[in-house]
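Trainee: Below are the structure tokens for one structure; questions will follow.
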Amino acid sequence: MEFKHISVLLEETIDSLNIKEDGVYVDCTLGGGGHSKEILKKLSHKGKLIGIDQDTSAIKAAKERLKDYENVIYVHNNFYNIDSILEELDIDKVDGIIMDLGVSSYQLDEASRGFSYMKDAPLDMRMNREENLSAYGVINNYEEEELFKILKNYGEEKFSRKIARFIVEKRTENPIETTGELVEIIRKAIPAKFQREGHPAKRTFQAIRIEVNKELQILNKAIEDSVNRLNKDGRLSIITFHSLEDRIVKVKFKELEKPCTCPPSFPICVCGKEPQIKIITKKPIEPSKEEKEINSRSRSAKLRVCRKI
């Protein structure tokens with residue numbers, strides 16, 4: 001299948017980077033290269049773009065899309081490792097970094113990847129198919145209490161306890177091998193009247209995907225490391241697609257903007273923790289009505305931006 005992905009909040013994200021034509025920029029989630037191409041259009045031959053993705057299909061697609069540009073470095077890795085990636089490339093500081101945390105349209109539409117609850121496929125959900133842990137491992141090997149906590153914390157699923165119990169009961173008969181089997185278990189666990197609120201499997205699939213790819217653990221460290229690698233006035237722009245991610249970005253930005261831990265009664269700061277960033281977006285930027293109509297997957301997107309000081 002051709003790698004297709006419509007970049008969300010494209011114009012807003014590029015504008016937020018305040019691109020310098022001879023600057024160095026990092027696209028932490030290269031995908032099909034949509035954001036990267038717009039960055040490259042604004043760079044001179046002295047500028048440079050580093051494109052990172054853990055999905056080899058994404059890198060292959062991006063190389064084709066960006067074949068007319070010579071100032072691109074492709075890295076097959078997880079942006080969790082941005083610090084060591086830049087170290088290996090002998091790059092000290094950069095002028096801008098973007099992260100688009102959404103699952104690509106290709107990954108959702110390619111049934112064999114197991115991300116979609118709309119298509120029957122093997123339970124996989126790995127962004128990086130070289131990793132060992134898959135959705136199959138989570139569903140068939142995790143204890144009931146572990147499953148419950150994942151569904152509750154990562155999926156904010158109100159029926160997490162019941163779904164976890166149904167999964168464990170079903171797998172005692174035979175291993176649960178496909179997304180279709182998992183969807184049926186979820187349907188049986190959630191009362192019919194609550195299944196009118198969108199697809200019943202949406203929250204569970206989100207939770208399992210986050211667990212498989214360690215998405216939330218990765219995000220906190222990646223934000224800190226990214227800010228440390230920015231030049232003065234460099235920008236970090238992050239697009240999230242669900243409340244858990246957005247909350248992490250919001251809280252981490254606030255911590256980096258106002259890190260002082262001194263009691264309010266202290267007349268001056270004595271903790272020595274100085275602000276690292278200035279938050280550009282006091283409220284997140286959301287897609288326009290037109291973009292939401294054109295690309296339904298953009299509806300939950302939020303863009304938050306900060307500037308290194």
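Placed from the backbone N, Cα and C atoms, the Cβ positions cover glycine too.
Got these off Swiss-Prot a minute ago, pasting:
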type    : residues                                          : note
BINDING : GLY33, GLY34, HIS35, ASP53, PHE79, ASP100, GLN107 : S-adenosyl-L-methionine binding site
Trainee: Across all the protein chains here, work out how many other Cβ atoms are within 10 Å of the Cβ of ASP100 (S-adenosyl-L-methionine binding site).
Mentor: 25
Trainee: Is it possible to get the count of other C-beta atoms within 10 angstroms of the C-beta of GLY34 (S-adenosyl-L-methionine binding site)?
Mentor: 19
Trainee: Just to confirm: which same-chain residues, 6+ apart in sequence, have a Cβ under 8 Å from the Cβ of GLY33 (S-adenosyl-L-methionine binding site)?
Mentor: GLY51, ALA61, ALA62, ARG65, LEU66
Trainee: Long-range same-chain neighbours of HIS35 (S-adenosyl-L-methionine binding site), Cβ under 8 Å, sequence gap at least 6?
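Mentor: In sequence order, SER7, LEU10, THR13, ILE14, ASP27, ILE98, ASP100 meet the Cβ cut-off.
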